[in-house]
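Asker: Dumping the structure here so I can ask a few things about it.
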């Protein structure tokens, strides 16, 4: 039995990056051998075991054979006769098919080190086309490392899309890869790669539709809506904003993709149109509730936030209520981060001030100083038995909040 460290940990080590999870391949062993040595079986689709002390994953060397569409359509063959090279050959890219033995020696049968040095993402063999998830993974690695995709690998990615294999992707896996890509240092790179191999139109057609849609040049020097959205998510990444903010940045302008061309470059009503598109996208790829809810709010209200300095106190109070800012203060700050990213995601605007965010934060603080409980108690005593009492309390609290915001704006 021989044990090799493989995959991402070896790759990242060679790149001088922090190593997180470590995966191992075991050659020349059976499941019974592993169990006898104290390893705990956890693999459902193929033999994977947890080390009895470190709890790191150890998988038996295996080969795979395509038997059906999709990334789960494989027959697994794992026996002691499977060699390390055969196991490495089933992997997606050369840079992910490097191993290190227990003595520290590197095994690199497919030229992965040379591709790391050259900054190239290259597939290992023709079996690359059998797993549509690899299209997303290659795009994600492009965003992570800034590497170029080898031309021949790009052609295979296009083939995967053309044959309809991406249609078999499981929604949750699509979201998982998109989420990972959004959290990279330059997430726009992922979407440019997906668009270049024509996968973006299949996976996120609402985002793909934004490219080529013009905006007013005086407000958007980049003009192209798709380019703008890419700048927004890159800005959010540069600020290390969380996933929810980055996803909201990706989807905030989806409504512009449905503007009739004869109305370009204006996009009146795109916020309201975008809400339905965001909801449909989130349902289709199973976006988690936290990311979905923030994206919906940003799509609907980002224009109002940009105009915050011009809004009446009552309009600001309405927005705070509609965004549930009184109860969800942390989410409201994420909401403002996404809107700020929209503002900064334009050529020449990255370092410009965005006072709207602080303006609305102070407005929320002022409105929150209203003691709704005290108002309810006072009205409950003076209007006992009034069937309209709940609505009366609501109106009184609202008026008090508007008053506090008005006072703030009068004395900045």
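Counting starts with 1 at the first residue shown.
Just so it is clear, glycine is given a Cβ too, placed from its N, Cα and C backbone atoms.
Pulled these features from Swiss-Prot for this protein:
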type	residues	note
BINDING	8, 11, 91, 137, 140	CTP binding site
BINDING	8, 11, 91, 137, 140	ATP binding site
BINDING	21, 23	Mg(2+) binding site
DOMAIN	225-326	domain 'HD'
Asker: Can you grab the distance from residue 140 (CTP binding site) over to residue 21 (Mg(2+) binding site)? Cα atoms, rounded to a whole Å.
Answerer: 18
Asker: What are the other residues, in sequence order, whose C-beta lies within 8 angstroms of the center of the C-beta atoms of 8, 11, 91, 137, 140 at the CTP site?
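Answerer: Apart from the listed residues, the neighbours are 7, 92, 93, 95, 96, 141.
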Asker: Among the binding-site residues listed here, 11, 91, 137, 140, whose Cβ has the fewest other Cβ atoms inside 10 Å?
Answerer: 137
Asker: Is it possible to get the count of other C-beta atoms within 10 angstroms of the C-beta of residue 21 (Mg(2+) binding site)?
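Answerer: For residue 21 (Mg(2+) binding site), the 10 Å Cβ neighbour count is 10.
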Asker: Just to be sure I understand: of 8, 11, 91, which binding-site residues have a C-alpha no more than 10 angstroms from the C-alpha of residue 21 (Mg(2+) binding site)?
Answerer: 8
Asker: Near residue 23 (Mg(2+) binding site), which of the binding-site residues 11, 91, 137 can be found within 10 Å, Cα to Cα?
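Answerer: Near residue 23 (Mg(2+) binding site), where near means Cα within 10 Å, there are no binding-site residues at all.
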Asker: Under the DSSP assignment, what numbers of helix, strand and coil residues are found in the domain 'HD' (225-326)?
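Answerer: Summed over the domain 'HD' (225-326), the classes give 77 helix, 0 strand, 25 coil.
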Asker: Sort residue 23 (Mg(2+) binding site) into helix, strand or coil using the DSSP assignment.
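Answerer: Going by the DSSP assignment, residue 23 (Mg(2+) binding site) falls within a strand, counted as strand.
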Asker: Excluding near sequence neighbours, so keeping only residues 6 or more apart in the same chain, what lies with its CB under 8 A of residue 8 (CTP binding site)?
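Answerer: Correct list: 20, 21, 23, 96.
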